[in-house]
Structure formats: structure tokens, C-alpha cells
Amino acid sequence: MKRIGILTSGGDAPGMNAAVRAVTRVAIANGLEVFGIRYGFAGLVAGDIFPLESEDVAHLINVSGTFLYTARYPEFAEEEGQKAGIAQLKKHGIDAVVVIGGDGSYHGALQLTRHGFNSIGLPGTIDNDIPYTDATIGYDTACMTAMDAIDKIRDTASSHHRVFIVNVMGRNCGDIAMRVGVACGADAIVIPEKPYDVEEIANRLKQAQERGKDHGLVVVAEGVMTADQFMAELKKYGDFDVRANVLGHMQRGGTPTVSDRVLASKLGSAAVHLLLEGKGGLAVGVENGKVTSHDILDLFDESHKGDYDLLKLNEDLSR
Ligand code: F6P
């Protein structure tokens with residue numbers, strides 16, 4: 001193996017640049033040539049491929065987004081898209097690829113490996129919905145950003161004795177909601193993976209008001225329903241002064257946290273070392289603090305399990 005390609009795919013996540021930097025630097029240090037592929041699998045198919053030198057990834061470890069740009073490209077699930085991508089890899093003499101992204105990206109990495117181009121998947125998504133890793137690249141920063149925003153919402157909520165329903169991202173995963181909810185002292189956290197009772201949440205908010213609490217906060221994961229929809233549900237059970245707020249895409253920006261930068265660096269380095277060992281079709285993660293790798297097929301069989309104890313903890317803390 002002489003040349004590796006690297007791409008970012010799916011929704012961007014803070015720390016993706018740090019991962020690209022790590023892959024590039026470790027690969028060059030081990031005598032490999034590195035090629036950046038812009039716009040994920042769409043750019044691969046279009047041949048948007050360029051050589052990357054060590055200095056090209058300078059001043060990026062602290063920058064969010066992805067300087068390789070990204071795209072969602074479902075067409076790569078089709079044989080035709082894969083063949084076009086492989087033709088581009090051959091044209092540029094690229095033997096192996098590191099793919100940084102969410103679960104869609106792993107499907108692409110697996111297909112490339114099946115076609116003879118060893119590929120390694122790195123978990124790059126704010127959602128934290130990938131199995132076999134304690135965290136995904138971007139999750140910690142997204143939580144920090146959401147926490148910071150909710151702290152600000154709390155200022156105004158307290159001044160007006162209002163209840164705020166705040167939607168956080170996560171697709172079908174409630175991890176951002178749980179972690180941020182605990183960190184912000186939410187009265188309730190509502191996630192797609194677990195049942196909830198709006199009447200019970202309304203009663204809890206009323207009890208908090210009776211105790212003299214000057215604000216209410218319900219963190220609702222976007223995979224459950226919108227903040228507006230939840231607000232409408234809540235109003236059925238009480239005359240609350242309530243506002244709905246959707247944090248949205250701001251959760252994908254902001255300076256990557258130390259955890260995300262270090263995680264991205266570790267995973268990027270591990271990906272190159274696996275490729276150097278001639279391995280492909282693997283997903284790299286960190287489990288109990290140690291870098292591990294698993295067959296990508298195992299990831300499809302397994303579903304991510306969140307730290308649902310946080311819900312009970314939050315209930316105890318919000319009484
Ligand atoms: O997967 C990351 C994510 O930000 C999800 O949390 C969210 O549901 C989705 O992407 C939004 O996608 P888009 O950027 O295409 O609107």
C-alpha cells in the first residue's frame with residue numbers, strides 16, 4: 001500500500017478536521033502518500049481528489065466543520081455509484097480509504113473493502129449513535145454547545161418564571177438530550193428510546209413551581225417530536241407560560257472540545273495503523289478508554305446503547 005484517500009461523509013461534526021489531520025500526519029510519517037477526497041462519496045465518484053501534505057492540515061485541529069466538505073450521497077449504496085468511485089480510486093492510484101462519518105459512511109467503507117480497497121470507518125457524528133465506541137467524534141462538543149445555549153435560555157426563563165421546551169439534535173438517539181439534560185438541571189428529559197408520560201412531566205413542573213422554582217426546562221430529543229408539538233401536549237395538562245426552542249444546527253459548530261480533539265487524533269492514528277497492517281472493513285472506536293476495532297458488519301448487527309441511568313439520575317435530581 002502506497003496511497004490512501006480520506007473523506008468525510010454525512011453531517012459534519014466538530015473534530016472531523018482533527019481526524020483528517022491525524023490520518024494525514026500519521027500516514028505521511030509512515031511513508032504513505034495521502035489524498036483528500038472532497039464532498040464525501042459524491043466527490044469520490046466525481047473525482048474531486050487532491051494530494052494532501054502535512055502542512056495542508058496545519059491550523060485545523062481547533063476548527064470545526066470539515067475542510068474536505070461533506071455530503072450525503074445515498075447513490076453510493078448502488079453498484080453503479082460504487083463502480084464509479086472505484087474507477088476514481090484506480091485512476092489516482094489510491095489503495096485504501098479512511099471514511100469519517102455516521103452509519104451511512106460505514107456502508108460505503110464496507111463496499112469499498114468488498115471491492116478490494118481496504119477501508120476503515122471512524123465514527124464522526126454529533127449523534128453518538130454508533131455502537132462499539134464510548135463516544136463519537138463531535139458528540140462532546142455538541143453537548144457543550146447545547147449546554148451553553150440552554151444555560152442562556154435558563155437566564156430568561158428564570159426572569160419570566162417560564163417553562164422552556166428545548167429540542168436538541170441526535171436523530172433517533174437520545175444521548176445528547178440525556179447528557180445535556182442532566183448537565184442543565186432539566187425537570188424532564190424525553191428521548192425516543194424510552195417511554196414518557198406528558199401528564200407526569202406536567203405534574204413535576206407544577207410541583208417544582210410550588211416549591212418556588214423560578215423556571216422549568218424540558219429537554220426533548222428531536223427524534224421524539226418537535227418542541228412545538230411537545231409544548232402543545234404539555235398545555236393539555238396545565239396553564240403553563242411556556243416557550244419552545246429548537247437549538248438545531250448550531251450544535252454542529254463551535255470549537256471542538258479537548259475530548260473530541262484527542263478522540264479524533266487517537267482514532268485517525270489507529271485507522272492508518274490498521275491499513276498498514278493490511279486490514280480493512282473495520283470500524284474503529286474507543287471502548288473503556290482503549291482504542292478498539294470491529295468488523296463493520298458487527299456494527300450493523302449491534303445497536304448503540306445509551307447511558308439510560310442518566311434518566312433515573314435526572315429524576316432524582318429534579319425533585
Ligand atoms: O446526524 C447529524 C444530524 O445533525 C442529526 O442530529 C440531525 O437529525 C441531522 O443530522 C440533520 O441533518 P441535515 O444537516 O441534513 O439537516
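The backbone N, Cα and C atoms fix where each Cβ goes, glycine too.
Of the residues GLY11, GLY15, GLY31, GLY170, TrEMBL puts just one in the ATP site with ARG72, TYR73, GLY102, ASP103, GLY104, SER105: GLY11. TrEMBL names ARG21, ALA22, VAL23, THR24, ARG25, GLY185, ALA186, ASP187, ARG211, LYS213, ASP214, HIS215 as ADP ligands; from the candidate set ARG154, ARG252, ARG261, the record adds ARG154 to that same site. Only GLY11, THR125, ASP127, MET169, ARG171 of the recorded positions listed as GLY11, THR125, ASP127, MET169, ARG171, GLY185 bring a Cβ under 6 Å of any atom of ligand 1; the order follows the sequence. Between the candidate binding-site residues, ARG21, ARG25, HIS215, the densest Cβ environment within 10 Å is the one around ARG21. Cβ proximity to the ATP site centre (mean Cβ of GLY11, ARG72, TYR73, GLY102, ASP103, GLY104, SER105, cutoff 8 Å) flags the following additional same-chain residues: SER9, GLY10, GLY40, GLY101, THR125.
Taking only the Cα positions, the spacing between ARG243 (substrate binding site) and ASP103 (ATP binding site) is 34 angstrom. In this structure, the binding-site residues VAL23, MET250 were compared by how many other Cβ atoms lie within 10 Å of their Cβ, and the smallest count belongs to MET250.
DSSP gives GLY104 (ATP binding site) a helix state.
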